[in-house]
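Visitor: Okay, here's the structure, questions in a sec.
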Amino acid sequence: MHFEQSAILTVHNHVITRNPRVSVTHDKHRTWFLHISDVREEDKGRYMCQINTVTAKTQFGYLHVVVPPTIDDSLSSSDVIVREGANVTLTCRANGSPKPTIKWKRDDNSRISITKGHSVLEWEGEVLEMLRISRLDMGAYLCIASNGVPPTVSKRVKVSVDFPPMLWIPHQLVGAPLYYNVTLECFTEAHPTSLNYWTRDDGHMIHESLKYHMENTVGALAYKTHMKLLIRHITSEDYGTYKCVAKNPRGESDGTIRLYTSSPPTTTPDPNAMTVPPPSRPPRRDTPASDKGTKYQSNLNEIDKGKQKTDEGGGKATFNWVEGASQVTGKADRRRTSYSIVLFYVSYFLFFKF
């Protein structure tokens, strides 16, 4: 008998139930066997074997039927689209025996943001609720059902977060010389994907041409785009204001870049090079020297030699190199400067006197 169903299955060698999956055998009438083929979940429960003696004797057995998990799509969430800042609730219902447990994970293994200050790597339960969702929460979420009976099953739910375009411009003022090429840049974030284009200050849209080349590169996150505008062979008409514009069903945004003229780059001197100016020389006349001039020049040389001898016993000179130029400091230097001034005035006086 199936005890819970109060259904007689077999009597002696005869099968009473109309279930074709049930049969009975025996071993010389000593051991009797009840066979159930193609076991189903409804076959679980208590079974009773009874011997109809004067005092009936019974024996019970229990059949556990395990069923691998299955996810009920009709009662589970499908892909959702929400506005940024809204709350999101995802549901996953699964059947199986024993009753499956449900876990949620992100497809890219990043953390799940439950609230602003609470995030987890995985969430257990049929219902996943996220408060004030942001663009960072956009992506695929996996509902994983398991009960110890293989195989484990999962369902992928894609969460899309819509928000109006936002722009970031790294350089709002760009300088370039005439006849050079220049590239203007804008970074955008938008979902759904925005329509991105460039205009001049008069509002006319810029199109691909020999003059202009436009390039949009999608970032690691699908809602990010890097906009570039290449302007070739700049002329005076190219200077002015440019706009990068991004539009999607949630809104529109634009940013301004001003292109101005600048001087072409020059050759930069080697910072390691050191320039030392030649030593200063006393002034001389370009006219031929007379005998008197030679005599007084000779006397001046002798005075200078005497001065040099005096300096040799003086203080030690110190040399300091500053930014490629030489400077001499010390007491000996001040003496030499004083002697040079005296010699200059003496030679000037003697020359005009004689």
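For all residues, glycine too, the Cβ spot is worked out from N, Cα and C.
Grabbed the feature section from TrEMBL, which reads as follows:
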| type | residues | note |
| --- | --- | --- |
| DOMAIN | 69-160 | domain 'Ig-like' |
| DOMAIN | 164-262 | domain 'Ig-like' |
| REGION | 253-318 | region 'Disordered' |
| COMPBIAS | 261-271 | compositional bias 'Low complexity' |
| COMPBIAS | 283-294 | compositional bias 'Basic and acidic residues' |
| COMPBIAS | 302-314 | compositional bias 'Basic and acidic residues' |
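So where do these features actually land, and what's packed around them?
Guide: The DSSP breakdown of the domain 'Ig-like' (69-160), given as helix, strand and coil counts, is 6 helix, 51 strand, 35 coil.
Helix first, then strand, then coil: DSSP counts for the domain 'Ig-like' (164-262) stand at 3 helix, 61 strand, 35 coil.
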